[in-house]
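Peer 1: Encoded as structure tokens, here's the structure I'll be asking about.
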């Protein structure tokens, strides 16, 4: 049975670049991989065929020979493009995608890397501040429990005067490759657990861990205008890495205490202020607080009703990393008098008897509509 053309198998032209062939191969390999098609013999055959085609065409010399002589270039014991070690590096990337055992961010040594380099863990710190502190910004000193590199063994985990030996199982790579059928799977070394080294005489200060627990003091700059839930990242301030690996990051999550007077919406502030019935009816001025600690005057016009809102421009919160500032909104509510004296009651009753619909336009309009609805007299 004649073999199919390698270019046809990969779905590329004879002028395809190495990058185009690699993209085509990766797509086909993931489609027909046996793990995605368990028990499918056709997919298994197709997968082998794709591997064979790519190994030939990804090699410059083999591709030149194939372009000139076709499949005959590898016949007569020519050692055709099977599934050899020269193909293993690329397939290892494919297997990482399938089995989730990738090398990103540390762990075991990759090809040509450093044995056992492991990135330190990220840390989280919750910081609560006041609204005033969010307005001005602040420098905060915090203490965090964390792991740092052991100073006695310098992070090696070995007792001073000794040093780790190369793991004989993985030859220092931290990973071992096992054959399963016609392909290989790369796993973390079970002997050294990915370190690539064996510590025979552990450091007594860190018990061979390479790190010790300590409390660290850090200074954090909280900028003006921060909002509730904001996250501040401090690169490299997390746990120390292992065996020369990079440190993790520290994430500071901000929460803002509820304020006694102000509610916040973005850069704007809102404040509810009580006013007397007389001020609402006759007009007047009220003094209201501002977030910067000062006070300002607000003119209340005659006839002001509850829920009337007044805007004070530029008295809100600063916008983070900007020169813009929000506004302050004052919402008034008319306070009903309580604990009245006899004389006060008489005065209010006299006012009520002398009042006309023009004094209460909303009430008059409402009860007029109710009267029309029910078709009868309705007394306010």
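Count begins at 1; order follows the chain as displayed.
Each residue, glycine too, has its Cβ placed from N, Cα and C.
Got these off Swiss-Prot a minute ago, pasting:
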type    : residues           : note
DOMAIN  : 5-70               : domain 'J'
ZN_FING : 137-215            : zinc finger
BINDING : 150, 153, 203, 206 : Zn(2+) 1 binding site
REPEAT  : 150-157            : repeat 'CXXCXGXG motif'
BINDING : 167, 170, 189, 192 : Zn(2+) 2 binding site
REPEAT  : 167-174            : repeat 'CXXCXGXG motif'
REPEAT  : 189-196            : repeat 'CXXCXGXG motif'
REPEAT  : 203-210            : repeat 'CXXCXGXG motif'
Peer 1: Within 10 Å of each Cβ, count the other Cβ atoms and name the one among the binding-site residues 150, 170 with the highest count.
Peer 2: 170
Peer 1: Around residue 189 (Zn(2+) 2 binding site), how many other CB atoms lie within 10 A of its CB?
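Peer 2: Around the Cβ of residue 189 (Zn(2+) 2 binding site), 21 other Cβ atoms lie within 10 Å.
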Peer 1: Reported as an integer number of Å, what is the Cα distance between residue 203 (Zn(2+) 1 binding site) and residue 167 (Zn(2+) 2 binding site)?
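Peer 2: Spelling it out, the Cα of residue 203 (Zn(2+) 1 binding site) and the Cα of residue 167 (Zn(2+) 2 binding site) are 18 Å apart.
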Peer 1: List the Cα distance (Å, whole number) between residue 206 (Zn(2+) 1 binding site) and residue 167 (Zn(2+) 2 binding site).
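Peer 2: Cα-Cα distance, residue 206 (Zn(2+) 1 binding site) to residue 167 (Zn(2+) 2 binding site): 21 Å.
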Peer 1: Which whole-number mean pLDDT does the model give the repeat 'CXXCXGXG motif' (150-157)?
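Peer 2: Reported value for the repeat 'CXXCXGXG motif' (150-157) is a mean pLDDT of 88.
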Peer 1: Would you pick out, from the binding-site residues 167, 192, 203, the residue whose Cβ has the largest number of other Cβ atoms within 10 Å?
Peer 2: 192
Peer 1: When you tally the Cβ atoms that lie within 10 Å of each candidate's Cβ, which of the binding-site residues (153, 206) has the highest tally?
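Peer 2: Compared across 153, 206, the most Cβ atoms within 10 Å surround 153.
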Peer 1: Between residue 153 (Zn(2+) 1 binding site) and residue 192 (Zn(2+) 2 binding site), how many Å separate their Cα atoms?
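Peer 2: Cα-Cα distance, residue 153 (Zn(2+) 1 binding site) to residue 192 (Zn(2+) 2 binding site): 19 Å.
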